[in-house]
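Undergrad: Quick one: the structure is below, and I'll ask about it shortly.
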Amino acid sequence: MPKFKQRRRKLKAKAERLFKKKEASHFQSKLITPPPPPPSPERVGISSIDISQSRSWLTSSWNFNFPNIRDAIKLWTNRVWSIYSWCQNCITQSLEVLKDTIFPSRICHRELYSVKQQFCILESKLCKLQEALKTISESSSCPSCGQTCHMSGKLTNVPACVLITPGDSKAVLPPTLPQPASHFPPPPPPPPLPPPPPPLAPVLLRKPSLAKALQAGPLKKDGPMQITVKDLLTVKLKKTQSLDEKRKLIPSPKARNPLVTVSDLQHVTLKPNSKVLSTRVTNVLITPGKSQMDLRKLLRKVDVERSPGGTPLTNKENMETGTGLTPVMTQALRRKFQLAHPRSPTPTLPLSTSSFDEQN
């Protein structure tokens, strides 16, 4: 907002200056010398110079400009354009804020983009520093002489805080500002880099003499943890059981004793039922799906007048409701017949030889 107000003030001041200039020019154009008096009627001949002067005066009077209207139009257009740009900026800012509130990932994307840009800048700077270090190492490898190296003139603006790589850890950087040769002598070149260490040979355990020779050698602590011959020789092994011993301890399934033998089965004695139900009770009261149990324990003797068949007599009169067998009676008779004549008689209970009529 302050930038926008400052810009609007500048535009207003510029428009006022232009307006004042136009007014001054218009006022000066009005102060023109008056035209010469018209010729007298006595003169008959008119010179060409007078005609041209009169025509020029007429053209100058007809060339009338409207600077005020143009300046006003420009001023209003500038104001409208500034208001339009201000509204557009406000709308875009509000939309950006709304988008950031609805989608918070946009902020993360912007931050990530800025971090990427910074990373690219740092990477480019690092590449430049690595190139500078390479050139310094090349210049240090030249033989030392009384004069400075020919490459030192190209590296006067090397920064002091340089990220040193592992390979160039011992390289000494020159100072940032070149020293004048009159006050101090040129600095000596840095010492050459040490040669890289040779690769380690693989450890081979073929003979005890080689193992002892390797055991006496020094160990490097800089690298990762290594298993030496001494560690292998000091390892103690525990005695384990072989497969044959384990098989002897675990008996085979054939050698196991059987859980139930024939003699055990022969010594088993079955107890007979103390109270065997009569054929009439088993044939009539017990259904094939139920277990055979003595129902006389659950019954209680009651003094009730009974019919010869055993059913209790009631006060209701036995009235015949119809002739013939009903479906319920046929089902009851069929069930009674099946109970009296089972298909697979049990060996414990004797077969009933009495007929269906005798049982009734």
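Including glycine, each Cβ sits where the backbone N, Cα and C put it.
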Undergrad: Look up Ser252, Ser344 in Swiss-Prot and give me whichever carries the note phosphoserine.
TA: Ser344
Undergrad: Hey, which of Thr287, Thr326 does Swiss-Prot call phosphothreonine?
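TA: The candidate carrying the phosphothreonine note in Swiss-Prot is Thr287.
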Undergrad: Can you work out the mean pLDDT of the predicted model over the motif 'D-box' (296-304)?
TA: 73
